[in-house]
Amino acid sequence: MSVMVARKKVVRKWEKLPGRNTFCCDGRIMMARQKGIFYLTLFLILGTCALFFAFECRYLAVQLSPAIPVFAAVLFLFAMATLLRTSFSDPGVIPRALPDEAAFIEMEIEATNGTVPQGQRPPPRIKNFQINNQIVKLKYCYTCKIFRPPRASHCSICDNCVERFDHHCPWVGNCVGKRNYRYFYLFILSLSLLTIYIFTFNIVYVALKSLKIGFLNTLKETPGTYPSMSLTVLTVLEVLICFFTLWSVVGLTGFHTFLVALNQTTNEDIKGSWTGKNRVQNPYSHGNIVKNCCEVLCGPLPPSVLDRRGILQQEESTAQEGSCLRGPGTQEPPAMQGLGQAQEGGMKKQDGSIPPPSAVPAPSVSDAEMPEEKQRTPGELPVPSPDAGRAEH
C-alpha cells in the first residue's frame, strides 16, 4: 500500500522575486544581470593599484615618506568597500502588488475614472500627493501594478520600481537608489581622490628618477624582477588610465556633488522636474546646502522591504511503500516480542522441555474477575481451571 507523505521544502523569497536581478550567497547579494562592465571596473581599479604598489610605492616610500603607500592603501580599501556595498545591496526596490491588491487598485481606478467609451484613450492613472505644500503627482506602474511613491521610477534594465531612483549605473552593476546612493557618492569621491593621488605620484616618481639618472635612462630602466618589461611602459600605462579616469570620474563626482547640495536626483535633473517651464520649486530641498547634504549622506538608512531571505514553505508529496497488516516475515513490535519470550521462558523446564498443562501455574486473578472466554495471544497455551483437575480425580 502506498502512502502519500507531505514533506515541506524550504524556499527563500528571493527565488520567487520578479524582475531581472541576480542573487548570490542565498539572497544576501543582489545585482543586475548585466555585470560585464562591473568586472571591467574591478579590473581597472585592481590593476592600476597593483602596479602602483608594486613599483612606484617602494621607491617613493624610501625617497620621500613611508606615509605615501599607507595613505594610498587607505584610499584603495575605502573605494573598494563602497563599490562592493553599492553593487551588492538592494537599491530600494519596491515590491510588486499581489493579485488581490492589484485587483483592488484596478477597481478603484475604474470607479474613479468611470467607463471609458470604446475607441477613446483612457485618462492617465495619476494620484495627487501633497509634500511641503506642493502637489506631487504619483504615477501608476503598469508592470508592478502600484502607484509609485514620490521620486520613484521603474528601471527598464532591472525591471523594478526603485524608491528615490537616481539612475542605473552599469559601472557598478546595479541601480542607484535610496538605499545605496550615499555609498555610490562616497565611491566616486574616493575613486577620484585615489586617481588624482596615483596620477600625481606617478609624475613625481618619473621626475625623481630623471633627476638622478636622466630622463632617457629612466625611460630605458627595467625592473629587476621583469627585465623584459620596460618600467616606463608600466608607468605610462598607469598615467593613461588615471588621465582618462580623471575626466570621467572627477566630472561625475562634481555633478553629483551639485545634486546632493540641491537634494535632487539624476532622474529629476534629466527630466527637468524642478527646472522646467512650470518653474516648480523642489519640495524636497531644505533651502540649505548643509541640511541637504546631511539628509542625503547622513540621514537614516531605510531597511529593505523585499525580505529577500524570508522563507516560503512549499509542500511536496512523496509516495512511500507501507503495509497495514503484518505479513509472515514482519517482525512483531518489541512489546509483543517481550511478552512472548517471558511466557515461553516461564513454561520451559531447566532441561528445555515444555511442562504439561497441569503444571503451568494459574495467573493471580480471582475466578470472579476472570472472564469466561479470554482471548489468547498467538502461541499462548490454554490455562486450565482448578475445577477441571478435581473433576478428573
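Each Cβ is built from the backbone N, Cα and C atoms, and glycine gets one as well.
TrEMBL labels come from automatic prediction, so no person has curated them.
Cβ atoms under 8 Å from those of the transmembrane segment (37-55) belong to residues 31, 69, 72-73, 76, 79-80, 83, 87, 170-174, 191, 194, 198, 201-202, 223, 231, 234-235, 237-238, 241-242, 245 of the same chain, restricted to positions at least 6 beyond its ends. TrEMBL lists 37-55 (among others) with the feature transmembrane segment.
The annotation transmembrane segment is assigned in TrEMBL to 67-84 (among others). Counting only same-chain residues 6+ beyond the ends of the transmembrane segment (67-84), those with a CB under 8 A from a CB of the stretch are 41-42, 45, 49, 52-53, 57-58, 60-61, 172, 183-184, 186-187, 190-191, 193-194, 197-198, 201.
TrEMBL lists 137-271 with the feature domain 'Palmitoyltransferase DHHC'.
Under the heading transmembrane segment, TrEMBL lists 183-208 (among others).
Per TrEMBL, the feature transmembrane segment maps to 228-250 (among others).
Residues or ranges marked as region 'Disordered' by TrEMBL: 316-393.
Per-residue pLDDT, averaged across the domain 'Palmitoyltransferase DHHC' (137-271), gives 84.
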